[in-house]
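Engineer: Per Swiss-Prot, the feature transmembrane segment maps to 46-66, 92-112, 117-137, 142-162, 186-206, 210-230, 264-285, 298-318, 328-348, 361-381, 396-416, 433-453; the stated evidence is sequence analysis.
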Amino acid sequence: MAREEQNIENRGSVHVVERESNLRSVVCGPVRWLKMLASKLHWSYVFAVVSNCGINQGFGYSLGHVATDYYMKDVQKVQPSQYQALSAITRISWIIFKPLFGILTDVLPIFGFHRRPYFILAGVIGVVSLLFISLQSNLHLYLALFWMTISSAAMAIADVTIDACTTYNSNKHPSLASDMQSLCSLSYSIGELLGFFMSGILVHLVGSKGVFGLLTFTFALVSVVGVLFSEPRVHGFSFKQNFTNAMKAMWRTIKCSDVWQPSLYMFITRALGLDIKEGLFYWFTDSKDGPLFAQETVGFILSIGSIGSILGVLLYNLRLKDHPFRKLFLWTQLLFALSGMFDLILVLRLNLKFGLPDYLFIVVDGIVSKMIIRLTWMVIFVLNTKLCPHGIEGTFFALLMSIDNAGLMTSSWLGGKMLHVLKVTRTEFGNLWLAVLVRNVMRLLPICFLFLVPQGDQNTFKLPAEIMGEDSEEEGTRNLELASLVDYVDRS
């Protein structure tokens, strides 16, 4: 009897130890993963990604997104179709400035440095542009749009600089390409979660213009990163020769069918996914037949949706990063189209007929949709890093992402045009359900172009050696490491 009681106690102790071990693995697993990346890629790369992708882009963009929505709706009083079209204009900076500064960071060092000055420049431009919006009263719509486009350009400059680091490391450590994109996306998603969570509260407390003023701190951080950035000084460079070599490498690469075909697919899949989110935003907040959400509620719902982004990153990193590109694009596109049915059910108010309140239904919709969108982005990012040759990583990755952003701009413009044709306005939403239905059907069309996507899996796919330019890689000029804070203080 005593032995049986002892066995029961031992089994109970084993279960307790197992639970503690599982809890420890949940907590320590991400820490070990970060340590692994820091040891193989240098801790400074991890710090750079968290600062730029997490704080400036994730937190800053999500906070600014909600502030811009209310600024356009309440301060500038624009129609949803007009706002949808105007939002496409701000994307122009990502199409023009990202490839432009991508090639400049590769071939034109400033004061002998390839990366530091561009981080500093991006931060200064972002701070100045947001200060103009936040401090000017009665700012004309198109002048406000101009400064928003400039701030978007500043974010694009910072983004292309960190992209160059990621792409270089992906070429140097191809087995870690998926992990690096997971780090970027996870940082962004966590920052996005915090930004959306605080957005509604801050807009309510200080107004949309006040939020623009607060966002200057995230751009100031970008300049700080530029000050701390350490890289070898370049001496005796030839801009003309570097530019000529970069153009030749780009032309040689873009002619490769393994490059232009997936690039075309990425543009098609973005352009055909009509963007009507501004029309839905007006319906959420202004329509008498809609939920009539307050500012705090909108921010909270968007923050809950960001949990879906984090789940998407975790799902990709744990289960999907070894699957073939074509298979992943197929399933993510199918799920992307199906997730749009949540919006259709909501606009038609079918959820109320099934006893599902708007709040609960939109939360579920946000989590599922964000998870699928993040999965799609992850696959696109990993594929883009695989398509970049050595020596012009920043240039070519920026070119590929500008193609992707051109697709998003086309999607936003076509979505605004559709809202205008269907007469969806600030007060009339009768045809919004039809716009949602058309958008969902259009999301299925890119599946017809899947033959453009390479069949290889994400770990083994690689461009030919003559395209990658592996023989001409210069490791000495690509040592992209951040100086430690201690070293910086010592130099000061």
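The backbone N, Cα and C atoms fix where each Cβ goes, and this holds for glycine too.
Any idea what these are sitting next to in the structure?
Structural biologist: Counting residues 6+ beyond its ends, the transmembrane segment (46-66) has Cβ neighbours under 8 Å at 34, 37-38, 151, 155, 158-159, 161-162, 165-166, 180, 183-185, 187-192, 194-196, 198-200, 202-203, 211-212, 214-215, 218-219, 221-222, 225, 229, 298-299, 302, 306, 482 in the same chain.
Residues 101, 104-105, 110-111, 143-144, 147-148, 150-151, 153-155, 157-158, 160-161, 209-210, 212-213, 215-216, 218-227, 229 of the same chain sit 6 or more residues outside the transmembrane segment (117-137) yet have a Cβ under 8 Å from a Cβ within it.
Within its own chain, the transmembrane segment (142-162) is flanked in space by residues 48-49, 52-53, 56-57, 60-61, 64, 68, 71, 76, 86, 89-94, 96-99, 101-102, 105, 115, 118-119, 121-123, 125-126, 128-130, 132-133, 136, 219, 222, 394, 397-398, 401, which lie at least six positions past its ends and keep a Cβ under 8 Å from the stretch.
Tertiary neighbourhood of the transmembrane segment (210-230): same-chain residues 44, 48, 51-52, 55-56, 59-60, 63-64, 66-67, 71, 113, 115-127, 130-131, 133-135, 151, 154-155, 158, 199, 202-203, 481-483, 485, 487-488, selected by CB-CB distance under 8 Å and a gap of 6+ residues from either end.
Nonlocal intrachain contacts for the transmembrane segment (264-285), taken as residues 6+ away from its ends with a CB within less than 8 angstroms of a stretch CB, comprise 69, 73, 80-81, 83-84, 87, 291-293, 298, 329, 333, 336, 343, 347, 362, 380, 383-384, 400, 403-404, 406-408, 410-412, 414-416, 418-419, 424, 426, 429, 432, 435-436, 438-439, 442-443, 445-446, 449-450, 452-453.
If one looks beyond the transmembrane segment (328-348) by at least 6 residues along the same chain, the residues whose Cβ comes under 8 Å of a Cβ in the stretch are 265, 269, 273, 280, 283, 320, 358, 361-362, 364-365, 368-369, 372-373, 375-376, 379, 429, 432-433, 436-437, 439-441, 443-444, 446-447, 450, 453.
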Engineer: Looking at 92-112, 298-318, 396-416, 433-453, which one has the highest count of Cβ pairs under 8 angstroms to the transmembrane segment (186-206)?
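Structural biologist: It is 298-318 that shares the most Cβ pairs under 8 Å with the transmembrane segment (186-206).
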Engineer: What parts of the chain pack near the transmembrane segment (92-112), using Cβ distances under 8 Å and only residues at least 6 beyond its ends?
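Structural biologist: Tertiary neighbours of the transmembrane segment (92-112) are 118, 149-150, 152-153, 156-157, 159-161, 163-164, 233-235, 237, 239, 242-243, 245-246, 391-399, 401-402, 405-406, 409.
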